Structure formats: C-alpha cells, structure tokens
Amino acid sequence: MSMYGRDPWGGPLEIHAADSATDDDRSRNLQDLDRAALSSRPLDETQQSWLLGPGEQKKKKYVDLGCIIVSRKIFVWTVGTLLFSAFIAGFVTLIVKTVPRHHHSKAAPDNYTLALNKALMFFNAQRSGKLPKHNNVSWRGNSCLRDGKSDPSTMFKDLSGGYFDAGDAIKFNFPGSFAMTMLSWSVIEYSAKYEAAGELNHVKEIIKWGTDYFLRSFNSSADSIDRIAAQVGAGDTSGGSTAPNDHYCWMRPEDIDYPRTVTECHSCSDLAAEMAAALASASIVFKDNKVYSQKLVHGAKTLFKFSRDQRGRYSAGGSDAAIFYNSSMYWDEFIWGGAWLYYATGNNSYLTLATTPGIAKHAGAFWGGPDYGILSWDNKLVGAQVLLSRLRLFLSPGYPYEEMLRTFHNQTSIVMCSYLPIFTSFNRTKGGLIQLNHGRPQPLQYVVNAAFLATLYSDYLEAADTPGWYCGPNFYSTDVLREFAKTQIDYILGKNPRKMSYVVGFGDHYPKHVHHRGASIPKNKIKYNCKGGWKYRDSKKPNPNTIVGAMVAGPDKHDGFHDVRTNYNYTEPTLAGNAGLVAALVALSGEKNTRIDKNTIFSAVPPMFPTPPPPPAPWKP
C-alpha cells in the first residue's frame, strides 16, 4: 500500500508502508529527494539554510551586526586595521614610557611675579625681635629683645617683635598698621595669585608677625582700654641733641644697647582705628584659624571702641611721631576701620557708622582739594570708598545705606578718572610717572597705592560684569585702568629714563646705596657703637648687604635720582611703601583670567534683606 503526500515545494512524495529500511536509510532517501527538488527550482538564501546540510552551508558575503549589515570583506578589514592600530599604539606607548624624558618647566613667571617674590623679602629684613630660623636674610639677627622692659615708665613690658619702619630701628605703629592692612586686603582679594606665585604662606606669616606685635601693644584681652603703645624708639635730633637714639646713632639693630623709649597715647582715634582695621582685615585672612581669628576680632573691637570714646590725634602735642608721621585727622580712619570691622563681624552698627554722612563730610568725601584721591598711611578715605563700593557692587544692601554707598561709588569713579593721562588732576614726569604728591619727595609710596586701587577696581567692575565706567560723558574700559597701573609699576621696575629699577635686587641696575643701617654695615663680628657706624653712613662705597625687595623713596619730578645713602628722600625704603608695592604687584601678576575672590571678604556678613524705606508721612490738607 502506498500513500501519496504533497511535497511543500510542489513535488509528489511517496511513502511505502512496507519499506523495511532503517530510519537512517529513510533519512538519506528524504535528503536525496530534497536535493532533487532543489536542482529543479532556485531557492532563496533562507530556504537553503533550512535544507542544506551542515557540511554544505553556503558562506555568507555579509555580516549582521544587529543595527547594521556590512560586507564581510569590509568587516574583516576594519577589525584587522583596529587590531593593528592597537598593537602599534601599545608599542609606541611602551617605548615612550621606557625612554627617559626631559620634563619641560612651566612658563617663566612674569616680571610682576618675580618682583613680588623679592618685595616680600623686604619684610623679612625689617623684622625686630627673635627671628625665626627660616628668615632667609643672612645679615640679620635677633634685635631689640628688651623693647618695653628697657623703659620703666610704660606698663607694656613685652614689645619685642614687629617691624622696623624704614632705614632706622623705630617701630611706628601708625604706618606699620596701615602696611599690615594693605597686605591683608591684597591677600583677601588675590589669595589665588599669591598661591600661584608660591607666596601665600609667606605673606600670611608676614602679616601675623605684625598682628602678634599689635596685640601686645594694648590690653587685647580687655573689652575696654585707656591707652595704646604708639611707638617704640625715638628719632628726634632737633636742637643739636646728642643723646643716643634711633636716628642719631648709625648702628645695626642687633647691636643697639641704649634704652629705647615707649610712647603711649591716651586719646589717639586715628592710630586706634587704623590698628583696628589691621586686626579686623587680618581676622579674615586667618578665618580658617578660628581661635586666632576671634582673638583678632576681639582686639579690633576693643581698639575701635577706644578710638570712638577717646577722641584725638595720636601725633598731637608735639610728639616725636609728629616729626615723621604726623596725622592730619581721624575721620577717614573711622570710615576705614568701620568698614573693615563690618566685614570681619557682619555687625550692621559698623556699617551704619562707616556710612554716616557727617563722618564722611569731616573726612572730606564731598570736597576735592589737591590731595583728594591719594591713598597713603595718613589718608585712607579713597581706600575706604573703594572698599565700600565693593559692597554696593556685589551685595547692594539698599536702604538705609544705599545713598552713602552710591556717593562713595561715584567718588571712586571720579578718583579713577583722575588717574588717567587724559585728565589734568595730576602732572606726570617726562618719563610718565604720575605726580600724586605734586612734585614733593618720596613719590613712589603713593604711586603703588594708586596702581593697586586702579587694578582692584577694574577687577571689581569685571567681576560685576561691568565693562567700564563713565568719566563725564565719556565711557572708559576697565582695560584703561589696568594699563595705567602697568605703566606706573613698569616705570618703578626699570622702564624709565634712567633705566633703573627702584626695587633693590630686581633687574641689573638698581640703587646700591640704600639709606638703611643694617644693610650698610658689614657683618664682620665687630660691634660698632652709636657713632662708630657713621663711617659706613658717609661712605661712598655700595652697601655690603643687599636689602632685597626694598622699594626706595624714588626719583624727583624731573625723573632724576641720586643714589646717595645720606639722602633719604631718594634712597630710603619704608614699610608702608613696600606694602603698597606688594599689593600692586600681586594684583597685576599671573594669568589675566585669575581675578578677585568675590566671596571671602563677605564670610561674616549675613544674607542681605534690605530694610524697606519708611512710609511717607500722612497727607495733611
């Protein structure tokens, strides 16, 4: 019997029920029939895959990668190329890692950074007291360790430390505290630049050396005081006095053996407020050292309270200080100290005081005058105005401070205009040095402060996304301010008619006869007495010791300069002058895109919720 089925592909399929063949035979017969069918009709690739045996599978020309189908030949070439490339890359990497390499140094630091490194060394050379081992000034040693103890009339018995003011050994707290305030301000604004220059720890150590001494200059643990040590040492030689003091004698600080007087003051608003500014600004620098920062804040509050309670000028009454650092007023220190205490504490009462119209009027904020807009150890008004303009630009506290803050901001803009060459507020030498002190001696200390303020204010404007400011109807870019600062600092560093750098140790041509006792006397283990050092003062030979980083007083109004040791108007460096130089150099140094730190100065300032203005008075018919 036979049954006929239908081949799916159209051919008859006969199965013999009586077939005694094995299953394997039947399977082979079926495969033979399938091949016969294939030979009679072409099949697509899928159908062939069903029917062809494993040994006869057709080789594919394409490779299915899931998301794309590519030619097998292309696929093989691609994989091969990748493997070969990986091998080559690995081989090259192996060679690079095994061959010794020459490390390329970073880009050479700019002139401002190089000068900054040197300018900070000046403070090391000016240190008084027991010096740290890493002071790095080979010709200096411990000095004046008995300051305070050698004067039986003072209650302050530990006044060692601090800084000598200039080429002598006097410690003037008034310009000294201004110098520390300027350094602290520059660190707060430009800590990233100090760090990039490798000088952040150094400058903080310099500031702390000063503030530690100030904390010993009054009862810093008390809430209320009645006196401050204003000065250690004396320099008055008028009237033909031959008593040994820090100006009559020319000797190393290490050799001083005469008693050093301590000058106390009991009504000295200017000095106390400036010392308060120094401690308050330093407390922000050291905010990560909570204990020390709080100690500085407490001292600043005590000093400022004393300055407000006991009104008077520290240099009044014909004191020794009046000869050298006579203070013109104390109203500017009230604004300056109040602004710094506000930033250090966040207490609005200090901001209220700093923005009081009456105090601003007394400080000269509403009138010009020949010295308006000049920041110095004596007058901090323009510094305070810039400092408070910062508050308006970035926090804008509004009522009731806005009116005075706007006034300070406008006054700052006017001062910045006065620095530009197109205005005639200040003359310039033929070589381009601005005459902020109108041709009087020792000009550079004022120039560096102006260069710092101009650079800082331009950075404020840029950080506030403001491209410039108006001088009358004309708009000026912030770049103009930086250019002014650069031309002035470049002049000081050697771009002047004499081709002389006025910073000792910078460049090849700089003053060699600096008016400085320690630098002018050789370190030869011989102790020279008060008059014994006069021969070195009067010598025509260069100083045996280089006081690196000292910025001398500077040239005259004709760009002339006499490198003579006895003429301090040309060759004497000062603490306040060098502080301004350091501030200006760090502001101009490094990458242009590294600008101010907007927030650190506001660390203690609470969030701003402006007080609404009072409602209008009720209408009366």
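Here the Cβ of each residue, glycine as well, is placed from N, Cα and C on the backbone.
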Among 1-27, 406-432, 487-513, indicate the range for which TrEMBL gives the feature region 'Disordered'.
-> 1-27
Other Cβ atoms within 10 Å is the metric here; tell me which of the active-site residues ASP563, GLU572 scores highest.
-> GLU572
Would you mind checking how many other C-beta atoms are within 10 angstroms of the C-beta on HIS515 (active site)?
-> 25
The rounded CA-CA distance in Å from ASP563 (active site) to HIS515 (active site) is 9
